[in-house]
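Peer 1: I have a structure I would like to understand better, so I am pasting it below and will then ask my questions one at a time.
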Amino acid sequence: MSVEPPPELEEKAASEPEAGAMPEKRAGAQAAGSTWLQGFGPPSVYHAAIVIFLEFFAWGLLTTPMLTVLHETFSQHTFLMNGLIQGVKGLLSFLSAPLIGALSDVWGRKPFLLGTVFFTCFPIPLMRISPCRVWWRAPVVPATCGRRMA
């Protein structure tokens, strides 16, 4: 004597995820029988290319005024110092991106995004109001760490 469940319960059980299973919540994930949940469609290389372009464009906007300050400070070695700064930026980005990414997975993305944006923007007015020329170094580290979050 076997008792079969009604067909409505079978369909409901088949559509629900197993206990403990996490439904996909990332951008571009598609739920069964629905349209795209978030974002502009499935992830593609073009989305990454836009983000990379914006990062280098923003860094270029900061490099132009920084060259003026570098020329005033190191008149004989302006481009050498710019290359050194760019190299340190790349190294710090390489080291900080996985660390900040892992921490943001644990504590959430919003606090890290807000923090990196704040620490990226905070030193720029200080460069303008400071009587000494030490502040030109300040945007390098936060900009390096902050730009890799996006």
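Think of each number as a place in line: the chain as shown, counted from 1.
Note that Cβ sites are derived from N, Cα and C of the backbone, with glycine treated the same way.
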Peer 1: With respect to the membrane, are Pro42 and Glu72 annotated by Swiss-Prot as being on the same side?
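Peer 2: Going by Swiss-Prot, Pro42 and Glu72 are on opposing faces of the membrane.
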Peer 1: Within the topological domain 'Extracellular' (104-111), count helix residues (DSSP H, G, I), strand residues (E, B) and coil residues, in that order.
Peer 2: 7 helix, 0 strand, 1 coil
Peer 1: Could you tell me the mean pLDDT the prediction assigns to the topological domain 'Cytoplasmic' (71-82)?
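Peer 2: Summarising the topological domain 'Cytoplasmic' (71-82) by its mean pLDDT gives 88.
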